[in-house]
Each structure stands twice: as structure tokens, then as C-alpha cells.
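Asks: According to TrEMBL, the feature signal peptide maps to 1-20. Sequence annotations record features per position, and here TrEMBL assigns domain 'L-asparaginase N-terminal' to 23-214. The feature active site, O-isoaspartyl threonine intermediate is assigned by TrEMBL to Thr32. TrEMBL lists Thr32, Thr112 with the feature active site. According to TrEMBL, the substrate binding site annotation covers Ser79, Thr112, Asp113. According to TrEMBL, the feature domain 'Asparaginase/glutaminase C-terminal' maps to 236-346.
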Amino acid sequence: MKKLFFGILLMLGVSMMAFAKPNIVILATGGTIAGEAKSDLATTGYKAGSLGIEVLINAVPELKNIANISGEQVANIDSSNMTDQVWLTLANKVNSLLSSSNVDGIVITHGTDTMEETAYFLNLVVKSNKPVVLTGAMRPATAISADGPKNLYNAVSLAGDKNAKNKGVMVAINDKIYSAREVSKTHTLNVETFKAPNSGEIGYIVDGKVFFNSLSIKAHTKDSPFNVRGLKELPKVDIVYTYSNDGSKAAVEAFLNAGAKGLVVAGSGAGSIHENQKNYLIELLSQKKLVVAKSSRVGSGLVPLSEEEIQQGFISANNLNPQKARVLLMLALTKTSNPKEIQKYFNLY
Ligand code: SIN
């Protein structure tokens, strides 16, 4: 009798564990998903980062059916105003939350403009294999057919999915799942704006069900050497753009004088730099004044280096776009300013 009683208790415990909802924390940072417009027809000219986290959660009562939700407001900004300070706060918060056995996954609501940069930054500094998912919206919360609520529901479904561990930081938007390293915003206004131009999405979400179809092979999170614990600021890295008749040293000089430790060049084609600007960069590299990574303004594809460029000290940003190359160069500079060592980071991450 006693045995039967304990057997039933055990079975009950196991089945309760199987049906236990995951504990998901939503960290809100602002963006259009929290945007408010004067009219429900307006999808431009609104104020991004206006509504608080509780409003976003209450707009999707179905969240309670799939997860135990708690929310925290980390910032409430238009993501075009994102700062290193918000990144450092966010990264430390994510790491501290995920170190608790009471947290199974994290969703971060974020503006779409710089979502790819924040996602890639976290992909390199989060020290956990639990899911971290960014989401946002292209239409403000007040718009007819606002896309935010469904994106939030999908992001929570993904963060609570048992197969979402070990995938690095992800972006869930418009029913698709992207790896943080590969995702990029490609359209100014359309809801179908996120793409992964070098590799495609890694999965999709249908009615809350998560399907993975591929993986990013680049190392991330626990397998990355970068750590932001105790960091008060990040090394300054800027981006210079190459274009026709770009003969001026002015931009590079100004960035250098403002304290840049590194530069990413958004080169033309496979990373070409106008010769006038390139000659100046070669001069600065020879004086070890700064570190220079060559990326491309094209939007996809690898940037190769000639033997001469390697000797000159240039680094290839691999196939990272300029804004992502900047993120990796900043973190690389927390470790070393040796171009050969930094090149290894660009090959791996
Ligand atoms: C922003 O990035 O904060 C504004 C644009 C958006 O979220 O779509």
C-alpha cells in the first residue's frame, strides 16, 4: 500500500515536471514594439520606446499559457540611440539571471534598427547555453495589424522551447528564427525586413511551435572568450564609409582625434578602399596608431585580404557587415591590439 502511494506520488511529480511551464524573463529596452502613434493608421512618425513592459505583456494574455512570465524595464529608447552603457547593463543582467536555476530563458524586446548589433554583442558575451531571444516590431503597438504581440508570443515560445538551448543568441521576428551573428535588417519599413544574407534563417515558428532547420557554425556565448564583467566601458571603434571620389582623410583623422582605437572600413565590393584613404590608413597602421578591419558596404559575402594587406596590418572582417564587425572589433580590443590575434577572432566568431 505504502509502495503504491509513493509510486503514484512519483508519477505525479514526473508528469508535473513534464508539463511545468518554463520561467521566462522579458527584458524591455524600447523600440517600435513599445511605440505609440497618434493614429492607429500611422506606422511612421510615432514615438518608439514609449510603452512600459507591463503594457506589452498584458497585450498578449496568451503568454501565461506557455510560460511563467516576469518582466523588467532595462531601458525605453529608440534603438538608434543605443549605447555601450545599455549593452553592458543588459549583458550583466542576462548573465546574472541565467545563472539562476529559476530562469529558463530570456526574451529581450528591442528596436529593430540596431537589434542585430545588440544581438551579436550578447552572442559574444553571454555565458550560458540557455536561450536568449530578441524580438521587436516594425509597426507601433497602436497600429492596425501591429506585429509586436505575435512577435512577442513567438519569442517566448522559442525561449521556452527545449530545443532552443546551445543555439547562441537568436532573433525571432515575423515567424522566423535567425542566429544573432547572421541576422540583418534589410528594409526600412516592411515587416519582412530581417534576413540572414549569408546563410538564411535557422528556423521558423508556427502557432507557437518551434522548428529548427539549420545552425550557425560560428562559436558563441560560452565558447567565446569575451567577458564584460567589471567592464565600465568598451574600446572606441568607429566606421568609415568608402565611396566614389572619397579622397579625404578628414573622417579618419577626426575619429582618431576623438579617441578611436579601431576602425572598420565599409569598403566597396569585396572591401576595396579608395586609394587616397587607404594610403592614409596604411600610414596610421605602420605607426600602430589604430587597428583597421576591412568590411564591405555590399551586405553579404566575404572580404579577402592580399598578402600585402596582411603585412600592412589590415584585418578581414570575414563576412560580418560593418556594424557587426565593429562589435567584434570592440570586444577583440578588450583582449589585444595585435592584428594577427584579432584576425583569429574574426575567423572564429
Ligand atoms: C527602433 O529601432 O527603436 C525604432 C525602429 C523599430 O523598432 O522598428
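Cβ from N, Cα, C; glycine included.
Curation does not apply to TrEMBL; its annotations are automatic.
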Asks: I'd like the Cβ neighbour count for Thr32 (active site, O-isoaspartyl threonine intermediate), meaning other Cβ atoms within 10 Å of its Cβ, all protein chains included.
Replies: 30
Asks: Residues with Cβ closer than 8 Å to the Cβ of Thr112 (substrate binding site), same chain and 6+ apart in sequence?
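Replies: In sequence order, the residues whose Cβ lies under 8 Å from that of Thr112 (substrate binding site) (at least 6 apart) are Gly31, Thr32, Ser79, Gly136, Ala137, Met138, Ile173, Lys185, Thr193, Phe194.
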Asks: As a quick check of your reading of DSSP, tell me how many residues in the domain 'Asparaginase/glutaminase C-terminal' (236-346) are helical, how many are strand and how many are coil.
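Replies: Reading the DSSP string over the domain 'Asparaginase/glutaminase C-terminal' (236-346) gives 45 helix, 21 strand, 45 coil.
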Asks: List the residues in the vicinity of the substrate site, defined as same-chain residues other than Ser79, Thr112, Asp113 with C-beta within 8 angstroms of the site's C-beta centre.
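Replies: Once Ser79, Thr112, Asp113 are set aside, the remaining close residues are Gly31, Thr32, Ala48, Asp78, Ser80, His110, Gly111, Thr114, Met115, Gly136, Lys185.
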Asks: Look up Asp113 (substrate binding site) in the DSSP assignment and report helix, strand or coil.
Replies: coil
Asks: Summarise the model's confidence over the domain 'Asparaginase/glutaminase C-terminal' (236-346) as a mean pLDDT value.
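Replies: Its mean pLDDT is 97.
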Asks: Using all protein chains in view, find how many other C-beta atoms are within 10 Å of the C-beta of Asp113 (substrate binding site).
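Replies: The answer is 18.
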